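What TrEMBL records for this protein:
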ACT_SITE  294  active site
BINDING   109, 111, 136, 275  Zn(2+) binding site
DOMAIN    5-153  domain 'Phosphomannose isomerase type I catalytic'
DOMAIN    169-256  domain 'Phosphomannose isomerase type I helical insertion'
DOMAIN    336-376  domain 'Phosphomannose isomerase type I C-terminal'
């Protein structure tokens, strides 16, 4: 039999928003995963892609395997996915696993559901390259900050009353409609929120740049005088404006929740949920798609009409966006992040220093294993030889295969495992 468990060498994306050089968790993982890699000190290391995406298909690090990439190997050995996964996802790995190191904000965006994705792809294939949905889940490796979902209405109303420049962009009629909408009528609230957000996003460029400059000037003066600017979300406004001056996305901070994740905490981004990552390092897993509808904090193509039409305008507190990991009942060292979509699940595996032999158990889905800390020698009946595992190692594990870890690090191990539990 050909080996069914093997190490991968994964593709780095050097997007401009990434952390630079060895400040980046992506760069640190790559450097410790492969000592021959030279990290450029002034280059952004934004994303590490662990999967079969055509723009970043992982290379197989095992010269006994004739296929060069993971995508080619799975195409030739689709049974490795597991019977259920193979049938449900037409012989393709259903997820892309990533590490992200965010220095400056990513664009304000949302991902379409399957129905809208099919429509957008048919109409505008140059902007929407496939017909799939793209739910995502981010798990913090370092303190992580992002915006996600619409804030509770009372928070938005408070900003409308404290930030005259915002109110000017939205207009008195729409602002009053939101202020009058009552919590007893959720559809009325969503409708009013849709009108306000759409008016903001569609405001005339010259008008919103003037208002933004006035706001930034006012907040800068207040901050210089030592005043509290939190009523205008001043700190975040100045930070985003310094990154993307004159960008409409700067105003979205008054509508979207600021979510702060501690290491190990996660947020799930379902279809049509507006979001933007702001800062920090995370592991991320997503369905295989490139469909992103953008509307600000970006130099890329923006599609304001589609975005405003598609969004989920249900307000909720930021705490509702945090997905807790559940400790596995079968193994106390495994914590499961199981989102409400079938495409992916992530396990966080924490092995204490007291354990010297640990079994990565078999499951009926292919999985990708990433080592964040610790060292071990891995053995598997499905691997050609023993594998040295250390920080930055990435392994592909076929369905129904297990790995024995012989731990050699004084401080235990931390691993993440992405899979598909149907």
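Glycine is no exception: its Cβ is also placed from the backbone N, Cα and C atoms.
Remember, predicted model here, so these are calculated numbers, not experimental data.
Everything TrEMBL records as a feature, shown here on the structure.
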residue : record              : Cβ neighbours (10 Å)
109     : Zn(2+) binding site : 25
111     : Zn(2+) binding site : 25
136     : Zn(2+) binding site : 24
275     : Zn(2+) binding site : 23
294     : active site         : 22
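Under DSSP, residues within the domain 'Phosphomannose isomerase type I helical insertion' (169-256) fall into helix, strand and coil as 67 helix, 1 strand, 20 coil. A Cβ distance under 8 Å defines the sequence-distant neighbours of the domain 'Phosphomannose isomerase type I C-terminal' (336-376), meaning residues of its chain 6+ beyond its ends; these are 8, 29, 50-51, 74, 80-85, 88-89, 93-95, 97, 99, 135, 137, 139, 141, 264, 266, 268, 270, 283, 285-288, 323, 325-328, 330, 388-422. Counting residues of the domain 'Phosphomannose isomerase type I catalytic' (5-153) by DSSP class, helix then strand then coil, yields 40 helix, 43 strand, 66 coil. When averaged over the domain 'Phosphomannose isomerase type I C-terminal' (336-376), pLDDT in the model lands at 97. Considering only the binding-site residues 109, 111, 136, 275, the residue whose Cα is spatially closest to the Cα of the residue listed as 'active site' is 109. Taking the centre of the Cβ atoms of 109, 111, 136, 275 as the Zn(2+) site, the nearby residues of that chain (Cβ within 8 Å, site residues left out) are 110, 134, 269, 273, 274, 292.
Mapped onto DSSP helix, strand and coil, the domain 'Phosphomannose isomerase type I C-terminal' (336-376) counts 0 helix, 21 strand, 20 coil.
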